[in-house]
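Listed in Swiss-Prot for this protein:
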- Asn7, Arg18, Gly191, Gly212, His213: 3-amino-2-oxopropyl phosphate binding site (BINDING)
- Asp9, His10, Arg45, His50, Thr100: 1-deoxy-D-xylulose 5-phosphate binding site (BINDING)
- His43: active site, proton acceptor (ACT_SITE)
- Glu70: active site, proton acceptor (ACT_SITE)
- Glu151: site 'Transition state stabilizer' (SITE)
- His190: active site, proton donor (ACT_SITE)
Amino acid sequence: MASLGVNIDHIANVRQARQTVEPDPVPMALLAELGGADGITVHLREDRRHIQDRDLELLRATVRSRLNLEMAATPEMVGIALKIQPDMVTLVPERRQEVTTEGGLDVAAQQGSLKGMVDQLQVAGIPVSLFVDPVSQQLEAACKSGARWVELHTGAYAEACWANQSFELARLNEATARARSLGLRVNAGHGLTYQNVEAVAAIEGIEELNIGHTIVARSIAVGLQEAVREMKRLVQNPRREPLFG
């Protein structure tokens, strides 16, 4: 049974749209936990477009589940992670003009530099996950980097038309099995919604799904606690086939 990590970046997006103090993502993280979140995920981007350094400091002091810090593989971010000591770091690619993370890390092309950062973080007691596309080459490179986890990028599945969704789901199944055969633990996320999450949640071997935008969007109608509860029910009791159409 997969657990649920709730990404609260989009709460900070609303705040930053007006450069004001609300909504504050810190108390919203508590509401997500009260709704059943097994962890809180935030992405501290280099341009600080949503989550701010102070948010991260306060979340570290208040989150009672698990704090997963998504960040670019840069010396600045490694230094912040070593100071904050999140429960996990997920290394992700960043491009300044992107609206959201557009793809997985090219671990195979950056293996040397990534290995140094992975080692530095894990020696400090912070488990590292690499956000990768569901491709064998990237999984093998992730294993060689020394990371203990991967997070499979589910964007291609989430964005596929119904005719291609089964193919993308099969890729995720195969990638999960391959990662586990390499000794990696597996999370997944990106673009998952109330309509498409169940088939991914049913994949044997995926330990946690990280989901944000759809939960925050749903919370406008029903409140954050209920939005998290609804998603948690789908993640914990999934149908075995994707809902097409």
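Cβ atoms here come from the backbone N, Cα and C positions, even for glycine.
Less than 8 angstroms from the CB of Arg45 (1-deoxy-D-xylulose 5-phosphate binding site) sit Ile51, Ala72, Glu94, each of them six or more residues away in the same chain. Less than 8 angstroms from the CB of Glu151 (site 'Transition state stabilizer') sit Thr90, Ser129, Leu130, Phe131, Val132, Val186, Asn187, Ala188, Gly189, Asn210, each of them six or more residues away in the same chain. Note on proximity: among His10, His50, Glu70, His190, the recorded positions of the record, the Cα nearest His213 (3-amino-2-oxopropyl phosphate binding site) is that of His10. Ranking the recorded positions Asn7, His10, Arg18, His190 by the distance of their Cα atoms from the Cα of Glu70 (active site, proton acceptor) places Asn7 first.
For His10 (1-deoxy-D-xylulose 5-phosphate binding site), the nearest of the recorded positions Arg18, His43, His190, Gly191 in terms of C-alpha separation is His43. Within 10 Å of Gly212 (3-amino-2-oxopropyl phosphate binding site), counting C-alpha to C-alpha distances, fall the following of the recorded positions Asp9, His50, His190: Asp9, His190.
By a simple count of nearby Cβ atoms, those within 10 Å, the most crowded of the recorded positions Asp9, Glu70 is Glu70. For the recorded positions His10, His50, His190, the largest tally of other C-beta atoms within 10 A is found at His190. Applying an 8 A CB threshold to same-chain residues 6+ apart, the list for Gly191 (3-amino-2-oxopropyl phosphate binding site) reads Thr154, Gly155, Tyr157, Ala158, Glu159. Annotation: His43 carries the greatest number of neighbouring Cβ atoms among the recorded positions Arg18, His43, His213 [cut-off 10 Å, Cβ to Cβ]. Non-local contacts of Asn7 (3-amino-2-oxopropyl phosphate binding site) by the CB criterion (under 8 A, 6+ apart in sequence, same chain) comprise Ile40, Thr41, Val42, His43, Glu70, Gly189, Asn210, Ile211, Gly212, His213, Ile215. Within the set of binding-site residues Asp9, Arg18, His50, the entry lying nearest in space to His190 (active site, proton donor) is Asp9 (CA atoms).
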